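Following: one structure in structure tokens, then a few remarks.
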Amino acid sequence: MVSTNEDSKIRKFIHHRQINIIITTLLIFVSTYIALVTCLGENIFNPIGNVTEPAWPTVNTRDVINSTISTFFIVVFGLIAGRLCFLVHLPPLLGSLIIGIALKNIPGVNEWLIILPSWDAVLRKLAFALIMIRCSMGINLAVVRANPRILVSLGCIAPLVEALCIFVAAHFIFSFPVSLSLVFGFLLAANSPAVTVPSMLHFQNTNHGTAKGIPTLVLACASADNVLLIVAYTVSIGLVFASGSLFATIAYTIGEIVASAAIGIFLGWLLWYFPRKKDTYTHLARGIVLVTLSLALLFSAIRLDIEFTGSISLVAMCLTAAIRWKTNSEKQTRLEQRVYAVLWDLIFQPVLFVLIGMKFEISELSWHGILIGLACLGIGLVGRAIAVILLTVGAGLTMSEQLIFVFSFVPKATVQAALAPGIVVAAAAFPELLPQASIVLSACVVAILLTAPLGQLALGLFGPKFLTQDTKRPPTPDEFYGSVEELGPEQQPPRRSSSSSTSRSHRSSPRKIYEMKAPPPVEEQD
């Protein structure tokens, strides 16, 4: 057992400024190196002098140049289309998706933009890493403690009910294999917080539903939904496309889940101390080290042929790190999440949705397959709607407020765009699953096209009517921004100056000033 004196020496050593900077820098360099080498498929101990066959197929210089220029145009076109959709009050990702479909299906244009399959896979994996980081860090522990029933019911049970309904429809009605039906259910059930965020921000800003914390609860449940279903999807797809006996595969999978969770928790605990808090570049260093470690975990897992373990480690690391980061800093994780939001809005969202749109070939569409996808989607949405209403009975919500939760979970977008193409790639080695895998991909694209605008439209029309406006308290943006940062700075409503808001609060009620004060940050004792 370590004595108190020895423990104090260890803490002083860890919190020594220069030593902490050196260890943090080494952590960033090592994780960047591992991510880069494993992404390229090289030998981690001898990447330059490696004489074995590379993991990537050999490509010529012309293909690399074409892919680089094509990626640039994809970002530009996606941003322009997204901005046009935003101007007409539609989700920006919808514009990127439509542009991708157009680029793939317009004769002549479809041969102009060329993206290597390896580049496509890496870009989607980078976007997936960013999605997982933002969802994991977006879970507000204060909301969890204050509303455990709502969060567990709507963030865990309701999405599993929707996934089960999709599984039943795909397998028992449309004769999909059991394994692929399970993967389909977990994938299609995941909602998209990015679509509902503009509406939640508007409700928070106008005090609609803030008395019961509905806007914050919606996004907390959406983040929990995404984390749960993504982990379930990655585990199930690892089981579906694994070789060997089922019993051995399940046993190995359980061991790999436990080991990967332990690795993630250890790395998250390490980030409690590196970088140390209250340094000049603490938030910048945290943002960088979290991204580099996440990519190292994801690409290492792919290299070791245990891809799903990377997602579990990433989630465990982010959740563990966020526990301390949100208590030992006045700014919590707001700065890191804003950086991730800008990266998502300006680069990865347009790239991701243009790429999935480019996989949607209208000439090869099977209307039979589209109808199957729509039927499964409809059955799943009805199943979740019923589950949401039943699970919130007695929770102090009116029927109108329950419907707002139902509308908030309708949009499908981000997770489907990041993961759906991977099913077709994985099914290439299993010809008997390839037709159904193509139907899954088409169903995901159609789901994005339909549910993203419909969900946002329903919230815009019925939100102000169904949610009671709280006129007793002024809006407090920090309560919301501190938990989830889903939009870039240009899309966020302006904040009130501290002096004006304080003076208004003082005129209305002296107690408001006290209620709006945040608790003091928890200090570590060296």
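The backbone N, Cα and C atoms fix where each Cβ goes, and this holds for glycine too.
Copied over from TrEMBL, here are the features:
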type: COMPBIAS; residues: 494-503; note: compositional bias 'Low complexity'
type: DOMAIN; residues: 77-453; note: domain 'Cation/H+ exchanger transmembrane'
type: REGION; residues: 473-526; note: region 'Disordered'
type: TRANSMEM; residues: 21-45; note: transmembrane segment
type: TRANSMEM; residues: 65-86; note: transmembrane segment
type: TRANSMEM; residues: 93-114; note: transmembrane segment
type: TRANSMEM; residues: 126-144; note: transmembrane segment
type: TRANSMEM; residues: 151-174; note: transmembrane segment
type: TRANSMEM; residues: 180-201; note: transmembrane segment
type: TRANSMEM; residues: 213-241; note: transmembrane segment
type: TRANSMEM; residues: 247-272; note: transmembrane segment
type: TRANSMEM; residues: 308-327; note: transmembrane segment
type: TRANSMEM; residues: 370-391; note: transmembrane segment
type: TRANSMEM; residues: 403-430; note: transmembrane segment
type: TRANSMEM; residues: 436-463; note: transmembrane segment
**Item:** seg_contact(the transmembrane segment (247-272), the transmembrane segment (308-327)) with at least 3 CB pairs under 8 angstroms, min sep 6
**Value:** yes
**Prompt:** Honestly, do the transmembrane segment (180-201) and the transmembrane segment (21-45) touch, with at least three Cβ pairs under 8 Å and pairs 6 or more apart in sequence?
**Reply:** no
**Complete:** Counting only residues at least 6 beyond its ends, the same-chain positions whose CB falls under 8 A of a CB in the transmembrane segment (126-144) are 151, 193, 213, 216-217, 219-220, 223-224, 226-227, 230, 290-291, 294-295, 298, 311, 314-315, 318-319, 322-323, 326, 333, 336-337, 340-341, 343-344, 348-349, 351-352, 414-415, 417-419, 482-486
**Long-range neighbours of the transmembrane segment (403-430), counting only residues six or more past its ends (CB under 8 A)** = 91, 93, 97, 120-121, 124, 127-128, 131, 154, 158-159, 162, 180, 183, 187-188, 190-196, 199-200, 209, 214, 218, 221-222, 225-226, 229-230, 233, 237, 240-241, 352-353, 355-356, 359, 377, 381, 384-385, 388-389, 392, 397, 436-438, 440-441, 444-445, 447-448, 451-452, 454-456, 458-459, 462-463, 466-467
**Item:** the transmembrane segment (370-391) vs the transmembrane segment (151-174): 3 or more CB pairs under 8 Å
**Value:** yes
**Intrachain neighbours beyond the transmembrane segment (21-45), with Cβ under 8 angstroms and 6 or more residues off its ends** = 52, 54-56, 122, 270, 274-275, 279, 285, 288-289, 292-293, 295-296, 298-300, 302-303
